[in-house]
Structures are given as C-alpha cells and as structure tokens.
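For reference, the structure is listed below as structure tokens.
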Amino acid sequence: MSKISFDAQSISNSLRAAKHQPRKRFGQNFLHDRSVIREIVESIRLERDDNLIEIGPGMGALTEPLLAEVDAMTVVELDRDLADSLRIRIGANSHPNFTIIKDNAMHVDYRELYSEERGKLRVVGNLPYNISTPILFHLLSYADVIEDMHFMLQKEVVERITADVGSKTYGRLSVIMQYHCHTDYLLTVPRGAFNPPPKVTSAVFRLTPHIIKPVVAEDEEYFALVVRETFNHRRKTLRAIFKKSTLLPTLSEDDFAACAIDPQARPETLNVKDFVNLSNQARTIPV
C-alpha cells in the first residue's frame, strides 16, 4: 500500500488551499485517521483488476490508498470543488485510468460502469449520512452488476443493517438489506477520525448481493410494504397488525398456518424467509 499522507492538519491545510468549507448539506466529514484508513482498505481485499467505484471521495483520503491497489478506478463526487481538486492531484497526468464523475450518486446509472471485460462493480464510500438510505436502495437496483459494497455510516444504522433476528436493532432495514445481500459488520470508527468530527460514532460494513436469493418474494414491492407496515407497529402481534392495517388484508388462522408463522408473534421474531412467506400469502388476499 502507498504511503498515506492524510491527517487532521493536512486535511485542514488542503481545505484552506482549495478555499473549501465542509458543506453540511453534503454531509461532509473528512476521514484523516491513518490507522482507520489502512483498516478499511485492507478489509476490502482488492485485486489489481477490480472494477472499483468510490462514492463521495471528498479530499481523497481513501481514494489514493485504494488507487494504489488497483489498475483503474472511478469516483462519483457531487461537490465540484472537491472533484476539481482530485482531478488536479491524482487525475490524468499522474494516473490515466482514474475517472471522475461529477454527479449526484443517486443519478448515476451504475450499469453503464459495468462491462464483461472489467467485471462487476466493487463499490466503496463514506456515504453522506443524511441521504445514505436512499443511496443504498438506489444501488440495490443494480445488484446484478455489483460484486460487493463497502460503506461507512452511522454506527447505529450499520447495527440495524447487520442485526440478527430477535435483537433490539433488528427491523425494516435489516430485513430488506438481508433479503438482497449478505451483510457483515467490519469495524467501528470513532468521531475523532474525521475533520470536522461528526456528532455520532461511525462503522464500516460490507454488503454482498446474493447471486441467487435464498428466498424470493413474488412481488418485491409488496414484500417491502409488508415489512414496513409490520415494523411500524412492532410492539403489536402479527394478527393485530394485519387486522387493523388499511394497507394489508386480515389473515386467518389458516393463512398464518400456511406460512408456518404464529399469529401471536411480533415482527422482530420473523426472519427474512418468514417475511417472504408472509408477503407471498398476503398478496393473494383482497384488502
């Protein structure tokens, strides 16, 4: 790995040199802790020919050590000042296979970055915490061309994504993400690893899209509706939720039995397969 020159002072100096103030609306908190950067890069386990995409590179604290591990890399940066700074520092003159896309990560067609020659995408990034969930769901729509994703988010959100069934943090995000991907909690990142420090502790996690889903919902939009509606009333029993919801049908004892689910159970006790079976059964019944 190449020498990592980022620390709190160098980040501050770079921001001043670029006349750039971290923008709250972009959720800009710049990573500078060398040991954390090293841990993140090592956890990704890159190969030279990987089709690497970084979302929100910021000042390039992760970008440069990542680029040292691969032959080519694409970054997506909405902030034009930061994109221009990256282009000057590590652009075409120093690395001809470094591409910058100046755009909102939510507007990028990631399928265009895939090719049989370059392979599936390996996506990394320190996502803006204020819009992280929409970005994750946007990326899931390209799961068939993504090998894996490594992201840094608020620790509490990562705990929800990777939660085990029955735990306090298990919920809608756990079920939806684990339906589409295998999830791994990798490491915790303290507030002091950033400049300026965020208000919360962060964590890094991995999403690996299922090549073949272990269970398949007949209607994924309806599956998502069932998951959302049930967790909106997580303290109630499933029987009560389906009886009172205006969006879901009332289920009979036979309906629950067909899913092998106890109608007295609560949402946090159901695994992904249970939710799939429940949604497949419920969608056949008029509301």
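Heads up, the Cβ atoms here are built off N, Cα and C, so glycines get one too.
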Site co-member for S-adenosyl-L-methionine according to Swiss-Prot, given ASN29, LEU31, GLY56, ASN126, out of GLU77, GLU112, GLU147, GLU156: GLU77
Residue, out of the binding-site residues ASN29, ASN126, whose Cβ gathers the largest set of other Cβ atoms within 10 Å: ASN126
